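K.L.:
Right, I'll just put the structure down here and ask away after.
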Amino acid sequence: MGLRTAKKRGLGGGGKWKREEGGGTRGRREVRPACFLQSGGRGDPGDVGGPAGNPGCSPHPRAATRPPPLPAHTPAHTPEWCGAASAEAAEPRRAGPHLCIPAPGLTKTPILEKVPRKMAAKTPSSEESGLPKLPVPPLQQTLATYLQCMRHLVSEEQFRKSQAIVQQFGAPGGLGETLQQKLLERQEKTANWVSEYWLNDMYLNNRLALPVNSSPAVIFARQHFPGTDDQLRFAASLISGVLSYKALLDSHSIPTDCAKGQLSGQPLCMKQYYGLFSSYRLPGHTQDTLVAQNSSIMPEPEHVIVACCNQFFVLDVVINFRRLSEGDLFTQLRKIVKMASNEDERLPPIGLLTSDGRSEWAEARTVLVKDSTNRDSLDMIERCICLVCLDAPGGVELSDTHRALQLLHGGGYSKNGANRWYDKSLQFVVGRDGTCGVVCEHSPFDGIVLVQCTEHLLKHVTQSSRKLIRADSVSELPAPRRLRWKCSPEIQGHLASSAEKLQRIVKNLDFIVYKFDNYGKTFIKKQKCSPDAFIQVALQLAFYRLHRRLVPTYESASIRRFQEGRVDNIRSATPEALAFVRAVTDHKAAVPASEKLLLLKDAIRAQTAYTVMAITGMAIDNHLLALRELARAMCKELPEMFMDETYLMSNRFVLSTSQVPTTTEMFCCYGPVVPNGYGACYNPQPETILFCISSFHSCKETSSSKFAKAVEESLIDMRDLCSLLPPTESKPLATKEKATRPSQGHQP
């Protein structure tokens, strides 16, 4: 759902999107301003391997086999598709664990079995489920896969240079083995050996502004509010849903998510859910801090912050020990709207400061907290349950594209861009014109967790007449309180600078929502392959059509099967994908359609294999990140391995992707992670596929509309190739031989 001079992942600590933050929400962001001129300076939303997925079909027996590393293209000799290594990012199943873990010292993958529904129903919450620790992949396996992933993306001369550097790094008794041993020791001592490194690299070290660069948005179906009261009733119902959902979290009553698709039934780590309403991203001069509001000293927050006309109000949701009813919330919201309309009482739009670069916002906050009034106001915001932003009409047509832009950046200072507080993890936007959704600060949780929460809230809103838990009304409701600010000339200067930078971000974003309606995942499943793998190959073909090359690609893969797992990266720009896209474009006439079909199968099979590798903890990105950070701490200089241009290039994710399927009418979107890149978030539905494509106007090489057109052409071409496959042959590849699994590395 989720960026960008030269402090790239290989040199600096900063990064987002998968991953993207991505994410996704997406790939780690090159630290460069979204608008190129902005000073300072992610993210997928949906996550492959998350709590659910497209059921697809049984995987090809080799789909779960760790390629040693990804093999060069060998034409398939069977007409069947590879089975679906599901991207697993839709409605999750709620179930429990059934793990068979090898004895200590063995390096095989844990046997993660499917869990029968009856057994799943009896399982405890994830905290009690005994999830395994994230394994440490074998060093030589990671190094070999890294070279294989990059060989076809760099020149032969550059590859030979990088190969020699990698061989030296991984030599027996060398630095690589020393760092690997340190990592194994870290694994023994921590719940998750990569989580701290990943959080800092993906998000907290990133100095870019949060809007577009890091924070994804979920856009609801357009609402129709004939009057202001209708808008407020919707907001009141949404707040009521938040309180009900938070009560479930507080009592640990939410069943454990379990994976669908590949290795279905495995329980998933639920820790991220408990950061939905208790997290706050505190700006820092060089690194942000993710604050969790779980103090035993401070009382549990019982208020929501409402933003209206760029003003901020405290809405207490518990008064006299009673939770406000939906009717009470509506009454209080009406008071807030009336108070906000009093222009004589309006204060400067302090929320703008949170849209600035993180170092700039940290500097401004240092000035703000010198005054006790400002400290009190900041404290109320930082400890709130969530924000609810009552937006003014955006003044544009209410297409999917324009509504998404309102969520991503608010339209800038002149519209709703200042009616936000980007540091808070969840901001629910309820616009007077029916534009509604949620803006997410991505560091505490991944896209699928946000989707699960949001779908619960929307179901609550639509069924509130039956599900609302009503408390007795409080006869005398005290008026909500306006937060006060004292702004020095220095703060006024920061506000002016923040407003100008936000306008640059708004003008620079090239964004389009495109619905492909020729077919959806139903057709793809009939081909006996994973919808996610199919779409990923289509994205590679689309990019190659426009730019005649492939680039490092990021697709979020959930590793919530393990303790405190977040995401790793599926590197979708495989050698097999390159062979296929060249056959379809460069050699269109020379390669017969039947051979193109075989190449397509190989590309999907390679994508599927890497997906399984990633969701079982065997991908390379997190492993290399941890080795790099250990080297940074141990060595006077960063090893040549992590200064090499191939490594730096491998972490500039020109194509940042994430699958975020939904079961209700909504979709997710985010910005690119590098200045010359694309963000591509997609939502596969039975008969359609919705794409949110983003890029930057300042890059003359990219165009979101052209990319969307190329995606359409690619999906149609792939459908036409599928028509060559007789219906009787449309079945999974043979599954007689026993599936093998990738080496699971060192087990705790």
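Each Cβ is built from the backbone N, Cα and C atoms, and glycine gets one as well.
According to Swiss-Prot, the record shows the following:
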- H442: active site, proton acceptor (ACT_SITE)
- 520-532, S558, Q659: CoA binding site (BINDING)
- 17-32: compositional bias 'Basic and acidic residues' (COMPBIAS)
- 40-53: compositional bias 'Gly residues' (COMPBIAS)
- 54-65: compositional bias 'Low complexity' (COMPBIAS)
- 73-89: compositional bias 'Low complexity' (COMPBIAS)
- S125: phosphoserine (MOD_RES)
- S473: phosphoserine (MOD_RES)
- 1-89: region 'Disordered' (REGION)
- 727-748: region 'Disordered' (REGION)
K.L.:
In whole Å, how far is Q659 (CoA binding site) from H442 (active site, proton acceptor) when you measure between their Cα atoms?
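P.N.:
Q659 (CoA binding site) has its Cα 16 Å from the Cα of H442 (active site, proton acceptor).
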K.L.:
Looking only at DSSP and grouping its letters into three states, which state does Q659 (CoA binding site) belong to?
P.N.:
strand
K.L.:
If you count other C-beta atoms within 10 angstroms, which of the recorded positions H442, K526 is the most crowded?
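P.N.:
The most densely surrounded of these recorded positions is H442.
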K.L.:
If you count other CB atoms within 10 A of each CB, which of T522, Q659 wins among these binding-site residues?
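P.N.:
The residue with the most neighbouring Cβ atoms within 10 Å is Q659.
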K.L.:
Tell me the coarse DSSP state (helix, strand, coil) of S530 (CoA binding site).
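P.N.:
Looking at the DSSP assignment, S530 (CoA binding site) belongs to neither helix nor strand, so coil.
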K.L.:
A 10 Å Cβ contact count, applied to the binding-site residues I524, K528, S530: which residue has the minimum?
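P.N.:
Among the binding-site residues I524, K528, S530, the lowest count of other Cβ atoms within 10 Å belongs to K528.
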